[in-house]
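Taken from Swiss-Prot as is:
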type     : residues   : note
TOPO_DOM : 1-10       : topological domain 'Cytoplasmic'
TRANSMEM : 11-31      : transmembrane segment
TOPO_DOM : 32-750     : topological domain 'Lumenal'
CARBOHYD : N116       : N-linked glycosylation site
REGION   : 132-407    : region 'Xylosyltransferase activity'
CARBOHYD : N142       : N-linked glycosylation site
CARBOHYD : N228       : N-linked glycosylation site
BINDING  : D236, D238 : Mn(2+) 1 binding site
CARBOHYD : N266       : N-linked glycosylation site
REGION   : 408-750    : region 'Glucuronyltransferase activity'
BINDING  : D557, D559 : Mn(2+) 2 binding site
Amino acid sequence: MLCPCRGKLKLLVVSLSFVILFTWLYLLVGNSENGRSLLLSACLVESTEARLLERDVLASRVREVEEENRQIRLQLSQSQGLAGQPAEGNYGNQQWVASADTGPEDVENTAEERANHSECSRSPTAEKCELLHVACVCAGHNASRDVVTLVKSILFHRRNPLHFHFITDTVANQILSTLFQSWMVPSVQVSFYDADELKSEVSWIPNKHYSGIYGLMKLTLTKALPSNLSKVIVLDTDITFATDIAELWAIFRKFTEKQVIGLVENQSDWYLGNLWKNHKPWPALGRGFNTGVILLYLERLRRMGWEQMWRLTAERELMSMLSTSLADQDIFNAFIKQNPVLVHQLPCFWNVQLSDHTRSEQCYTEVSDLKVIHWNSPKKLRVKNKHVEFFRNLYLTFLEYDGNLLRRELFGCPSQASSESTVLQQALEELDEDDQCYDFRRERIMLHRVHLYFLQYEYSPTDDGTDITLVAQLSMDRLQMLEAICKHWEGPISLALYMSDAEAQQFLRYAQASEVLKNRKNVGYHIVYKEGQFYPVNLVRNVALRNVNTPYVFLTDVDFLPMYGLYDYLRKSIVQLDMANTKKALVVPAFETLRYRLSFPKSKAELLSMLDMGTLYTFRYHVWTKGHAPTNYAKWRTATTPYKVEWEADFEPYVVVRRDCPEYDQRFVGFGWNKVSHIMELDAQEYDLIVLPNAFMIHMPHAPSFDISKFRSSPSYRYCLTTLKDEFHQDLSRKYGSAALKYLTAQRNI
C-alpha cells in the first residue's frame, strides 16, 4: 500500500525540484546578459526584501525585452519597405534619421546606434590624403562673399587635400581667383569654369527662383567639369559645414551600383502641395529632395546619358508647369520621381535646412547631430527658427574667423607648392633675421589676402575718354569719412580697406545700413586683410590703384574732402591740358582745418576768405612745410590758369595722373615717405607737375594714427625708415640712371 504513495511522492519532489532549478537558471541567465548576478539574491532567498528586489529586476527585464522586440519589428518593417522600393511612400514617410544612409556594414548596429545621432567613432572617412572635389556655382558680388564663409567652414574642419571647382561669371572669377591666389592655402587647388559658356544649356528654361539662370547651372556639371572627374560634392553658397567634409565624401562608398545621386530629403512641405490653396509644385517623391548638398557620381551620370535625360524631363514637365519655382531642384526631383532607384538618400543632418515652412528641428536633438547648415531662405540669417540664434552664432564664427589661420599644412600629405608660395619662401630665406630692420623687409614681401569688390560695383566709364576715379585707402578708424566723400565726389571711387575679417563684417553692416553708401554702385570696396605688425599703406594703395576701370585716377587720402564739383572740373582740365598725349600730373592744392564741424567753402573765393580768417590753413604748414610748399600757394591765390612747378625734396602733393602711372613702392610701410617716394618716381619718369588754379581739397581733423606714434617714439623705427630711403635712392639710380642722382643729392642737402 505504501509503495504506490511513496512513488508518487518521489515524482512530486522531483517535479518541484526541476521547476525551482529551471526558474533559478532562467533568472541567472537573464540577468547575466545585463552584467548582473543573482548569487547574492539566492543566498538571501528567505529575505522579503530580496524577493521584492528580484520581482523589480524581472519586471525591468521584461520591459527591456519588449522594447527590443518592438525595435526589431520596426527595423524589419523598414528593411522590407526599402527592399520593395515603392514609387512614392518610401521617401515621403521615412523618419529623418541616420538609418536612411545605412550600408551593408551597418547591419549589426542596434536601433539606438542608428538613431539620429552622429557616431564620430563609426563615421566613415575618406582615405588619408585622398583628393576631395567640391563644386559650386557662384555668380555676382554677394555670392562671392557668401562662398568665402562656406570655404572657411570647410577648411577649418578638413583633413584632406581639396580641389574646388567654381562655375563663375566674370565678376566672381575676378574676385575668387584673386582671393585664392593671395590666400595661398596649402593642399588646395582651384579651377574656374565660365558660366557664360553654359548659359545656352539652361537659358530656355523659365525660372521664377531668385537665383536666376545660375540656379539651373548644376544641371550642366557633367558637361562643365573635366571628363576625367568621376565624383564631386556639389554645394550651394549658403552652406556652413560643422564637420569634416571627408565624412560626406565617404558616403560615395555606400552607393549601390545603380545609384548616381546622393541627396537629403526636403525638410518642408513644399512638394506635398499643401502650403497654400491651389499650390501646385513640380512632381517629387513624397517630400522630394533638396539640392543644396549633392553627391554626384559624374562617371555614372555621363554613362547613362544624364544630359539628355534631364532635358527630356524638363521639357515634359514644362508643358504643364510652364516654369520652375525652385530652379534645378524642381528638375532633379521630377527626374528622381521617374527613376527612384538612382537616388541615395543621405541622413538629414547633411543638409539641415533653415527656410520658411521647414521642419528641420526634427532632424537633430544635440549639437553633435549637426553636420551641414543650409540657409536656403531669401531671408538668410533673418529666417524664423526656434534655434536660429545658435545657428547664426555658428555661421558668424566662420564669417569673422581669421582666414590667415587656415594656411596650415596638412602633415603627411605631399602637395605641390604654388608659384607664389615658392617665390615668397625663397624671398624669406634670403632675409637676415639678425637685421635690425628685418620686420620692415619682411613686410615688403608679405602677401596679404585680398577680396576685391566686397560690395556690388556697377560702373562703365564715360565714352569721351576723360573719366577719372578717386583712389584712396583707409582702415577701420577712418570709416566715418566715407559718406562725406561720396557727397563731395559723384564720380567712381576705388577704396582699399585694411581690415581684419571681423572688421570687414562690421564695415559690411555699416555700408548696408547707410542710405548714402548703399545707393552708390560706382564705389569699389577692396578688402586687404590684416597681417603683420605694420600698416602696409602702399600695398593697400596699389590694390585700389590696380582696380580702376577709368583712364585717369585722382590719388588722394580718405581724410580729405574734395571741393564740390571737382570731378567735372578735373575732366575738363584733362581735355584742356591734353593729358592723353602728354605725361602730366595735375596737382590739387591741399588745405586743412582743425575744426570737426566746418562750413565747407563752395568756391575758391570762399576758401581764400576762410584762409585769411584763420579757419583754414595750407596743409601741414606748421608741421611739414616741405611736403606742400612747392605748390606755391602765394601764386595759386591769384592764378587763373594752370602753372608748372618743379619737384623739390619731400614734395608729396595729391595728383591726377593716367591709370598706367607707376605704382607706390611697397617697401614703405606705416608712417613716412610712402607718398614722397611715389612723386619722386613720377618726376624720374619725366611727368610735368601742373597745379590747377581752381581746384582744392581740405583735410579733416582726426586722432594721430598708431604708426605716426611709433615713428615719433621709436629710434629703431626712424633708423629703419632712413635705411629704406637710402635703398630706394640706390634702386632709383639703377632704374633711371644718372638722371636720378639729383634725388640723392637733394636728400643729402636737407
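The backbone N, Cα and C atoms fix where each Cβ goes, and this holds for glycine too.
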Same-chain residues at least 6 apart in sequence whose Cβ lies under 8 Å from D559 (Mn(2+) 2 binding site): R478, M481, H699, M700, H702
For the binding-site residues listed (D236, D238, D557), most other Cβ atoms within 10 Å of the Cβ sits at D236
Using a 10 Å cut-off on CB atoms, tell me which of the glycosylation sites N142, N228, N266 is the least crowded. N228
Given D238 (Mn(2+) 1 binding site) and N266 (N-linked glycosylation site), what distance in Å do their CA atoms have, once rounded to a whole number? 16
Looking at the recorded positions listed here (N142, N228, D236), whose Cα lies nearest to that of N266 (N-linked glycosylation site)? D236
Nearest of the recorded positions to N142 (N-linked glycosylation site) by CA-CA distance, picking from N228, D236, D557? D236
What's the CA to CA span in angstrom from N228 (N-linked glycosylation site) over to D236 (Mn(2+) 1 binding site)? 23
Which of the three DSSP states, helix, strand or coil, fits N228 (N-linked glycosylation site)? coil
Rounded Cα distance, in Å, between D236 (Mn(2+) 1 binding site) and D557 (Mn(2+) 2 binding site) is 39
